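**Q** Structure in structure tokens, see below.
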Amino acid sequence: MSSAVNPLRDAQDRRLPRIAGPSGLVIFGVTGDLSRKKLMPAVYDLANRGLLPPGFSLVGFARRDWEHEDFAQVVHDAVREHARTPFREEVWQQLAQGMRFVSGVFDDDDAFRTLKATIEELDKSRGTGGNFAFYLSVPPKFFPTVVSQLKEHGLSDGQGDSWRRAVIEKPFGHDLKSAQDLNSVVHDVFRPSEVFRIDHYLGKETVQNILALRFANTMFEPLWNRSYVDHVQITMAEDIGIGGRAGYYDGIGSARDVIQNHLLQLLALTAMEEPVSFEAKPLVTEKMKVLNSVRLPEDLAAHTVRGQYAAGWQGGRKVLGYLDEDGIDPQSGTDTYAAIKLEIDNRRWAGVPFYLRTGKRLGRRVTEIAVVFQRAPHSPFGATDTQELGQNALVIRVQPDEGVTIRFGSKVPGTQMEIRDVTMDFAYGESFTESSPEAYERLILDVLLGDANLFPRHQEVERSWEILDPIEEHWERHGKPEQYPAGTWGPAAADEMLARDGRSWRRP
Ligand code: BG6
């Protein structure tokens, strides 16, 4: 076998653990939810798995009047509550010795001077080597201040061989224009290769498995095109409501929250051509090609739907409607459900619709990509024999219950010819003993290693807004979202949208 054409040729090397070199992480917005529930536990889990250097250091930056010990205690509690791996005192002690807290607001020069001194002290005491990543877990309106402060105080440039990187959380803008503005603010200070934009879906094992499934096998790719595929459904359904996130969510809505990023990334990975390698640049090239070929339907009223959850029942419990949630404007027209149809104008996909949908307070939590195949061109069976036969489908179950299902028709045992759908299943839990790392573990480690493969570049972010903007503008001009009872599968209009195309949504 020629190694030059085998994209998985480095598999041997990849089995070696990838361990970050001397480094530290500074988190802005360290008192927020994301930091407590995801970032702090991920740092501990990485340390526990031996993937961080012994002197790794974690610096929190926030307004609170905390001492280093108070910060360490907060991290400790977050780790005890949310970490994936067991708590080990010796790992914790080593990590805790490298924890520092800097108290201040973002435009406070003294606080940034203290941050600089803290980093220099850590370089000496912990051997962090001047290598620091700055994680901006703050609303985008603070990006300009934080990045310009980093520049002003000489923190954005590494000395000699050391590196400085910026990690940016979504939302990355709320439309194309604001995303371009943010990109230019960040790129004034950091080089593109130093900027890591988080889309945590790309850190999920099952999302990376889309590439393995498609490009490490021979049996799927020949069918992966307009000759065999009828349509593709990408679903991200959540059973939760907006919880305590009214401030972030109201006015943003479901399409900006997850279609612009997670779902369009899933579409890109499902539909793109094989990249030359899985390095960042070739991956972006292929994702951009396919995102550039995405076309919106002309009639947005017929092919997009938005909804908002009303009160209902979920898990045997009565839950509030969106408009009654804490902190939500009772007149709010924010969507908590969105469904859109997209076409991809290229040779592989011409005429194959991609249906994307997402929603909060739906029937259950499930994210999946279903590639639904055409019916057989001719059936030698009678209509009654096949009345329970659906379309063949390959379903990538992103979460929960991670795996892949193939659905096909099979003869029901008995004397008659009767054909019914059956499934063949691959479940991660059964095939692998090791549990999947949390997305944030993978992504934080990649930042420290400078590995940019799983981070969307600014072109992708901007192109995704360019796709979504006309839909948002259309919705803004046309009334309010349709209400759907919590615990159901969204507004009736979404079913009608597919019915018009002679199709129906899967009920996962
Ligand atoms: C985030 C969204 O990006 O993803 C949230 O802002 C959503 O609204 C979350 O709940 C879902 O993530 P996961 O990993 O639980 O599917």
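Heads up, the Cβ atoms here are built off N, Cα and C, so glycines get one too.
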**Q** Figure out which of Asp181, Asp257, Asp385 sits with His200, Lys204, Glu238, Lys360 in the substrate site per TrEMBL.
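**A** Within the candidate list, TrEMBL flags Asp257.
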**Q** Looking at 61-88, 313-340, 481-508, which one does TrEMBL call region 'Disordered'?
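**A** Based on what TrEMBL states, region 'Disordered' spans 481-508.
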**Q** Six or more residues out from either end of the region 'Disordered' (481-508), which same-chain residues have a Cβ under 8 Å from its Cβ atoms?
**A** 230-231, 233, 235, 237, 239, 241, 302-314, 319-321, 333-337, 339, 341, 353, 355, 357, 359, 361-364, 366, 368, 370, 372, 393, 395, 475
**Q** Based on Cα coordinates, which of the following binding-site residues are within 10 Å of Lys170 (NADP(+) binding site): Lys204, Glu238, Asp257, Lys360?
**A** Asp257
**Q** Identify which of the following binding-site residues, namely Arg63, Lys204, Lys360, place a Cβ less than 6 Å away from any atom of ligand 1, and list them by sequence position.
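**A** Qualifying residues: none.
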**Q** Among His200, Lys204, Glu238, Asp257, Lys360, listed as contacts of substrate, what is the widest Cα spread in Å, to the nearest whole number?
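**A** For the residues that bind substrate, the greatest Cα distance is 20 Å.
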**Q** When you measure from the Cβ of His262 (active site, proton acceptor), which residues in the chain that are at least 6 apart have a Cβ under 8 Å away?
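**A** His262 (active site, proton acceptor) has long-range Cβ partners Asp199, His200, Tyr201, Met236.
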